[in-house]
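The next block holds one structure in the form of structure tokens; read it before the comments.
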Amino acid sequence: MIYAGILAGGTGTRMGISNLPKQFLELGDRPILIHTIEKFVLEPSIEKIVVGVHGDWVSHAEDLVDKYLPLYKERIIITKGGADRNTSIKKIIEAIDAYRPLTPEDIVVTHDSVRPFITLRMIQDNIQLAQNHDAVDTVVEAVDTIVESTNGQFITDIPNRAHLYQGQTPQTFRCKDFMDLYGSLSDEEKEIWTDACKIFVIKGKDVALAKGEYSNLKITTVTDLKIAKSMIEKD
């Protein structure tokens with residue numbers, strides 16, 4: 001089976017324009033989270049869309065699904081997320097297992113709730129690549145020069161931009177593989193390796209690159225929200 005895992009566990013309100021976490025802010029005529037879920041609803045091969053949210057916001061997320069996606073709510077599971085990204089993925093996979101016991105071939109397409117401009121093509125590319133690889137990471141080519149500094153004051157390296165990509169989401173992999181790899185980490189490693197695909201890479205697994213889009217914006221600041229609103233208005 002193929003599942004989607006939407007990471008919506010953040011509680012940050014640092015935009016300073018609302019008491020709502022950013023995934024619940026309005027973008028056009030509906031919340032950011034709803035825009036994101038809608039993109040996954042369009043892919044018929046996805047059995048369930050599991051949304052991991054902070055425990056304080058589970059009821060709110062369920063109410064939004066009832067209001068904006070009543071025809072699809074049977075395909076959507078709202079579950080309590082974890083304290084960080086990878087524990088949220090773990091909670092999402094546990095919710096999948098509760099729905100239907102996991103098999104070795106079950107795949108989860110994980111995605112940031114605050115990237116509402118994901119395309120169906122990106123979702124389908126992730127699913128296709130995951131059939132033949134251990135994991136898939138969605139990326140775009142680095143446009144700006146990337147500068148490395150180990151102390152925040154002086155440049156220590158300027159890597160060759162031709163070899164660099166900017167990571168986005170989705171990130172896709174088999175549910176059991178993630179659970180096994182994550183479970184093998186020490187507590188210290190879990191704190192350091194916060195990116196799921198990095199765990200696969202460090203453990204020597206095959207991680208394929210899927211082509212992202214520069215429009216696959218992650219809305220984390222007021223400026224991002226302004227850009228997103230402009231993009232919605234143009235559509």
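Yeah, the Cβs are placed from backbone N, Cα and C, and that goes for glycine too.
Per Swiss-Prot, CTP is bound by Leu7, Ala8, Gly9, Gly10, Gly82, Ala83, Asp84, Arg85, Asn86, Thr87, Ser88; the candidate from Ser45, Ser113, Ser149 named for the same site is Ser113. Arg161 (site 'Positions ribitol 5-phosphate for the nucleophilic attack') carries a helical DSSP state (H, G or I).
Mapped onto three states, the DSSP output places Gly82 (CTP binding site) in coil. Under the three-state DSSP scheme, Leu7 (CTP binding site) falls in the strand class.
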